[in-house]
Amino acid sequence: MERIVSRVRRLSPLHTFSDALLISLLSESDFQPDSIQQGVVLFEKDEPTEYWYLLLSGEVQLYSKTYTGDFNHLKTLRCGALFGDLSTLTHSCSCLVTRPAQLIRIAQNHFLSVYNKHGDHLQPFIIIMHDILTDETPSDPIHPHSSGLFNGQRSMDLISTEINPSEIVSVSTNGMLSKMILPSIPNQREKPMNRVVVNQQKNEERNFIEFHNPTGIEKQIRDSGGILHRKMLTDNHQVIRDITTEHTRVQNCMIGAEMIDWLLTLFVSTSTTCSSLSRIQMSAIWQVLLNNGLISHIDGEHQFLDKTNSYYRWVQQFRSRNKVAPSIEEVSKSITLLSSVAPETLFLMIVSKPGFERSPEELEVVYEELTFIKALSHLSTMVKRQLSNFVKVEQYVHAGSVVFRQGEIGVYWYIVLKGAVEVNVNGKIVCLLREGDDFGKLALVNDLPRAATIVTYEDDSMFLVVDKHHFNQILHQVEANTVRLKDYGEDVLVLEKVDIPRGAALENSNSCNFNCGYSVMAGKAEKILEYVLETRIDALGDDISELDVFVEDFILTHDAFMPDNTVCNFLKSYYFRTPYRATRDSITDSCTEEVRCKRRVVQFVYVWCSLLRVNFFLNPVTNSFVEELFCHVIDDRKRLGGMEDILTRIGSIRSTRENMQLVLARHPAIVLDCGVLSAHTPCPVLPSDVCNQIIYLADTTCFVLPIRVDKTAEEICELSRRRMSFSAEPLNLVEVKSNGEKLIFSPNDRAIPTVLSLNSKLYVVNREEIPLLVPMEDQNGPTPSSHSSILHLIDSQELAHQLFLFHLQLLRSTDSNELLYQVIGRESFPLSMPFNLDLLVRRFNEVQHWSTTEILLATEENRMEILKKFISIATIAREYRDLLTVFAITLGLSHTSISRLTLTWSKLPPASLKTFSELENLLDPTRNHRMYRLLVSKMSSPYIPFVPLILKDLMFIHQGNKSFYNGLVNFEKMHMFAKIFRSFRQCKSQMDNGAEHEFIEPQSLIRNLRVIDNQKKLMQLSYEIEPKSAPKRNVIFH
């Protein structure tokens, strides 16, 4: 009894039950839990009610059958669920075990007697099946294989957790990801432009994105394995044959090494890309098939070996009866799918080995995988490579297993690789840690007992672990590689010894063959800049394409810790730095040193303006500094020798300035005309550009007001006052969304027109009128009777191409600096608003809602064809490397209003279903969105990235790392920022390098899409198409 009570107590939420209640509840039950295999029906509807059930581990689904005999999913239950029927003599629904489960049966009569005494305590924790069945609200289906991409946290919490595809709905830019669940990510506001949210609709709290994956990954692996089996049977290599070993003759088997050779040859002959796979990667593919029971070792071994004395055979039950050779396309897709799954398997294979058995190639694989783990993102390359030798894996099969207890001596550092754990301090659960989080480090660092008890929260939780000895060894090596520079006894610069990539500048510019140097970890802002000038600038040449990484990191991130005016002031003081003269003989050397200081400043400014281009000259401080520096160089040339090359370089900078001034001095362009993108959107949008904004009053009358995009909310109110008969009473600028939500802008908020949500209206009213504001009818978007679809006018290929051209134009206008302004906080950069990023994110939301709207407004005859066409557009967009379109459409089709349309999905061809499943797999959030990052790593520029994920990564870094420690800039955080900024710049590098200056103007038809963004309206249309009683598409029974 004590053992079972202890196990139950570890389950959430039952840990709040008293011992007396648990003992009373379980007193007549068998203390040995029942183990039920996957696929077993626990009970069916209308069977006599005999038990209540307490789920200790695993997962079950409650479902019912419709009059057509189809399955209707009701609810998924996981460990800790206590479920049954109270007032019915027969079961209200059926129950299927979807993951191997352990449960305790509690006799119905006994449970009712306990419930009559302790109903107040039990009621919040029990699941009454009859209530689920009669619930009028639509259930939130959870497919056994689904997982969340943006763990439903709202506004500010959003990036501190994993993004859950099940929660991406839309994005926006005036603060953060308003629901990174991106459901409409209305307006990304980290410090939401200080806007006040009034009467937010409760129905918007719901998560409207479902990831169901119509064909599960297991089935895709089996199908791919079947294709390889058919190919092996029908080619002439005779890989499958009878083999005589030392002791016996084995029929129809294969040799491990030959299987690798055959698969390598097959890959080379069928691959349509220039990528390659190594033998170790091919081994991982066979390991995947071995793990999934498609092949087996003749002696039952569980690891695939690339050896001539390892024998395997296809599993009898799996062998394909189809003897027709598969097509080249089928083989290519199968290998591609298996190769995308294989790295995970390969990684686990390697970390299961002792460190001394890992080959250099295997250590490289482990290192690459460690780069995808969130908890290790702040560690240097050197530390990650050291961890590759020591990291191991631990797995706990059942939820409720204790990893370690409070007070124990710490022996391991843990990183959650899969699953989740509860942190329990003094008997109270304080938090939940999920994939990518780490724990147990404090006890190792301080040599103290464990401060908490850690209990697994999910079945099959898996951890990477580093033992105490190797953990401390790495710490000591890091400390040994750390150099602290002090000034008056205080740290002013902290450096770490690191490997320097070939071609990067080193400390001694005359010794460019060194393999190591120093990277800045932290320091005073001025000392970091001085370190850049002293150690990196001398080695730079004219070609900034091979720019020193540290110099680039500083320039891309300095706005976060050192404003432009501070940088310019320090450069000016460094330019006039007086060299120290020890003797008269050193006068020549001092003159040389003086010239060197001036050269460094001019070279730094050259790199700075070359990287930022027009954004450098947008700032009046840096713009005027160039002219001032030019005058100083002219004067110094008269008295110092060796200034000719400096004059040439500053002249080049000045010429660039004159060219940029022509861009900045262009006539103001119209960006948004009454909420619609103008026919020729400026590229990029400048602060002087204009939006013709419709301003509404409380009585719903309106007028059009031309507004510069950099105007504040207060200035817009004052401009509006001139058009109104208002007295001097204070006015408020209010956004009213289509769902009725009202957001009040603070007086200093800027870039108002570009951050408005789709279908929103902007009001200027006094405070008493705010409660009277309601959405208008036209904010609901198009209706079936008024909607005219462009899908009937343009084919999929052309649509995807036009979307790519337009999105490429928006991407080209967006600079990496805008990402920094957005994440640090827009209010911190009043002169540098991310207008272009606003438009890019606005477009993501627009395409996402467009795909949902078009399907819901389509006629019954055309709906399936429209759905099929969107899948086709997303597929072609992937070929164009337009990931914005790919993921916006995928998320739009995953909206609950679409995913529940079972009858529509059932008409879709299997090939389209499979294609959509592959698109959904790209949004798999595991291992820090590993699938997406691998996809991007193989792409050549230009490509259009998944912008919401970039913003999520940056916000996670910003919220998880302080910008300053003890007065020193945390430059390791800046290194992490810069790495993302570099990848963002890289995705459009071909455009920026001048390879593609002439863009084909996209058709106006695709620039502005009419959409419905009101979640309630979308669900209403969905229920009109298929009422609630219709079976749900995402219920899959195995």
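Glycine too: its Cβ is placed from the backbone N, Cα and C atoms.
So that you can see what the record holds, here are the features copied from Swiss-Prot:
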type	residues	note
BINDING	10-140	nucleoside 3',5'-cyclic phosphate 1 binding site
BINDING	375-492	nucleoside 3',5'-cyclic phosphate 2 binding site
DOMAIN	234-316	domain 'DEP'
DOMAIN	516-654	domain 'N-terminal Ras-GEF'
DOMAIN	795-1028	domain 'Ras-GEF'
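Restricting the average to the domain 'N-terminal Ras-GEF' (516-654) gives a pLDDT of 87.
Taking the Cα of A375 (nucleoside 3',5'-cyclic phosphate 2 binding site) as the reference point, the closest of the binding-site residues S27, R78, C95, L112, M129 is R78. Taking F390, R405, E435, R450, V465 as the binding-site residues under consideration, the smallest Cα distance to C95 (nucleoside 3',5'-cyclic phosphate 1 binding site) is found for E435. Taking the Cα of V465 (nucleoside 3',5'-cyclic phosphate 2 binding site) as the reference point, the closest of the binding-site residues R10, R78, L112 is R10. In terms of C-alpha distance, the listed binding-site residues F390, A420, R450, A480 place A420 closest to E44 (nucleoside 3',5'-cyclic phosphate 1 binding site). When the binding-site residues Q61, R78, L112, M129 are ranked by how far their Cα is from the Cα of E435 (nucleoside 3',5'-cyclic phosphate 2 binding site), R78 comes first. The sparsest Cβ neighbourhood within 10 Å, among the listed binding-site residues (M129, A375, A420, V465, A480), is found at A480.
Neighbour counts were taken as the number of other C-beta atoms within 10 angstroms of each residue's C-beta; across the binding-site residues E44, E435, the minimum falls on E44. Comparing the binding-site residues C95, L112 on other C-beta atoms within 10 angstroms of each C-beta gives the minimum for L112.
Of all Cβ atoms in the protein chains displayed, 13 besides its own lie within 10 Å of the Cβ of R405 (nucleoside 3',5'-cyclic phosphate 2 binding site). Of all the binding-site residues in the list Q61, R78, L112, the shortest Cα-Cα distance to A420 (nucleoside 3',5'-cyclic phosphate 2 binding site) is found for R78. Under the three-state DSSP scheme, A420 (nucleoside 3',5'-cyclic phosphate 2 binding site) falls in the strand class. For F390 (nucleoside 3',5'-cyclic phosphate 2 binding site), the spatially nearest entry among the binding-site residues R10, Q61, R78, L112, M129 is R10, judged by CA separation.
Secondary structure from DSSP puts R10 (nucleoside 3',5'-cyclic phosphate 1 binding site) in coil.
Neighbours of L112 (nucleoside 3',5'-cyclic phosphate 1 binding site) among the binding-site residues R405, R450, A480, defined as a Cα within 10 Å of its Cα, are absent: none qualifies. According to DSSP, R78 (nucleoside 3',5'-cyclic phosphate 1 binding site) sits within a strand segment.
Closest to A480 (nucleoside 3',5'-cyclic phosphate 2 binding site) in space, going by CA atoms and restricting to the binding-site residues R10, Q61, R78, M129, is R10.
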